[in-house]
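Inspection log for the structure reproduced underneath, given as structure tokens.
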Amino acid sequence: MNQTLLSDFGTPVERVERAIDALRNGRGVMVLDDESRENEGDMVFAAEAMTLEQMALTIRHGSGIVCLCITDERRQQLDLPMMVTHNSSQFQTAFTVTIEAAEGVTTGVSAADRLTTIRKAIADNAKPADLNRPGHVFPLRGQPGGVLSRRGHTEASIDLATLAGYKPAGVLCELTNDDGSMAHAPEVIAFAKLHDMPVVTIDDLAAYLQSRAKKAS
């Protein structure tokens, strides 16, 4: 990743700490992956703290595919099968079947309905019957070990939410440009500045977690 583009957001460690602080205070962050990977920026929120206004922003400026990033333990609690038995996608993105809250929604597609679905799915006592399948929210199963085992936006979302003191669940959506094309680093950074969101890269987060692990050992 071009560090010059990111210089306004601090050093790699500062970027991670500012992202954690933003989530802790109920704000969203922009997460960039490597230029050699998807080279995309995702809007990321802690699922537990996401607001209706943030969901509306996500739908308005994103791809429309709003994803709930969860652990495999949560996936099993909700009895959500994987979307396919053989994942042939390039980066092994682990979609489960899509979901909708069984109660409290209309068509399921509005910002309020999607937020209701997410809140139902992450509730401590959530059970399979709380959700209908299919729906308009796309759960993603994170890999155990987070970004240290897979350098994906899914794992970064869960890791960041956890570091901020929330349940291990994040909401993400890819940022798109006005013409419908995918936003890359320059557009992501411009969007982040406009909406007062920190920017962090997955490599930043991985290095931060590796450093913490070394200090703890």
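Every residue, even glycine, has its Cβ placed from backbone N, Cα and C.
Lifted from Swiss-Prot, the feature list:
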BINDING   Arg37, Glu38, Asp42, Arg150, Arg151, Gly152, His153, Thr154, Glu174  D-ribulose 5-phosphate binding site
BINDING   Glu38, His153  Mg(2+) 2 binding site
BINDING   Glu38  Mg(2+) 1 binding site
SITE      His136  site 'Essential for catalytic activity'
SITE      Glu174  site 'Essential for catalytic activity'
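A map of Swiss-Prot features onto the structure.
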{"residue": "Asp42", "record": "D-ribulose 5-phosphate binding site", "DSSP (3 states)": "strand"}
{"residue": "His136", "record": "site 'Essential for catalytic activity'", "DSSP (3 states)": "strand"}
{"residue": "Arg151", "record": "D-ribulose 5-phosphate binding site", "DSSP (3 states)": "coil"}
{"residue": "Glu174", "record": "D-ribulose 5-phosphate binding site", "DSSP (3 states)": "strand"}
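Sequence-distant neighbours of Asp42 (D-ribulose 5-phosphate binding site) (same chain, 6+ residues apart, CB-CB distance under 8 A): Met30, Val31, His153, Ser157, Leu172, Cys173, Glu174, Leu175.
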